[in-house]
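Student: Please find one structure pasted underneath; my questions will follow.
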Amino acid sequence: MNYAVVIPAAGQGRRMQAAVNKAFLTLQGRPIIAHTLAVFQADPRCERIVLVASENELDEMQALAEEAGATKADRVVAGGSERQDSVRAGAAQVMDAPLLLVHDGARPFVAIERIHALLLEAEQSGAALLAVPATDTIKQVDQEGRVKQTLKRSELWAAQTPQAFRPEVLQQAYAYADETGFQGTDDVSLVEAAGGEVAVVEGDYDNIKLTTPEDMTLAEAILAKRAGEAGT
Ligand code: CTP
Ligand code: MG
């Protein structure tokens with residue numbers, strides 16, 4: 001099934017500690033967001049890209065999308081103060097798509113095979129996400145800095161994007177969020193909160209979100225590895 005993707009890039013990138021929104025930082029000479037756009041531009045099953053930018057970066061983001069040849073990103077929309085607000089503004093543009101994906105602008109390394117596996121699952125389940133098994137042991141810690149409990153690692157997965165939805169499932173989740181004021185840190189959590197089922201599709205560890213300066217070093221290493229694999 002074909003899909004439309006919403007790409008939120010309207011954050012401030014505070015943890016990256018750069019002078020600009022991290023979406024504009026470059027990897028091998030191209031802005032992070034251009035790398036991300038290229039993945040979906042190249043996927044024949046992606047019908048449309050809705051890029052979400054902050055109000056004061058709309059023109060810059062539009063120009064960048066054009067320069068990157070991202071013809072599917074024909075509309076850049078203004079985001080909001082929280083990620084959930086930004087995604088919602090973007091999703092409103094494409095609720096008529098057969099399937100809807102949400103993918104972080106700051107996650108440029110998602111593999112097309114994983115996207116297609118996710119689509120298949122979302123078609124069946126209504127909502128699905130890519131995730132990887134947790135590698136660290138995760139502790140729940142109280143306000144005083146004391147461990148409350150150690151969570152069972154074999155049951156823990158780190159959520160990634162894309163997260164995929166049948167549009168009516170996302171619509172219902174938004175209705176629930178409106179009623180209750182629920183705020184999630186990812187998109188499928190709205191479906192979970194509304195009592196819906198969410199399926200997990202195993203992703204890969206290269207699909208990192210560029211969050212801190214150290215991630216930029218890791219990103220260059222991932223690109224170098226790929227260039228090596230491609231024999232260039
Ligand atoms: N995002 C958005 N609108 C917001 C907040 C975040 O569109 N109000 C986007 C970011 O641009 C990013 C993605 O959501 O592509 C994932 O968020 P995150 O990694 O937290 O990015 P930032 O919020 O920009 O970074 P930070 O939290 O460090 O400030
Ligand atoms: Mg953030």
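Cβ atoms are placed via backbone N, Cα and C, with glycine included.
Heads up, TrEMBL stuff is auto-annotated, nobody curated it.
Okay, these came from TrEMBL:
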type	residues	note
SITE	R15	site 'Transition state stabilizer'
SITE	K22	site 'Transition state stabilizer'
SITE	R153	site 'Positions MEP for the nucleophilic attack'
SITE	K209	site 'Positions MEP for the nucleophilic attack'
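In the displayed structure, how are the listed features positioned relative to their neighbours?
Tutor: Sequence-distant neighbours of R15 (site 'Transition state stabilizer') (same chain, 6+ apart, CB under 8 A from its CB) are T211, T212.
Classification of K22 (site 'Transition state stabilizer') by DSSP places it within a helix. Summarising the environment of K22 (site 'Transition state stabilizer'), the number of other Cβ atoms within 10 Å of its Cβ, over all protein chains shown, is 26.
A sphere of 10 angstroms centred on the C-beta of R153 (site 'Positions MEP for the nucleophilic attack') encloses 12 other C-beta atoms.
K209 (site 'Positions MEP for the nucleophilic attack'): 16 other CB atoms within 10 A of its CB, across all protein chains.
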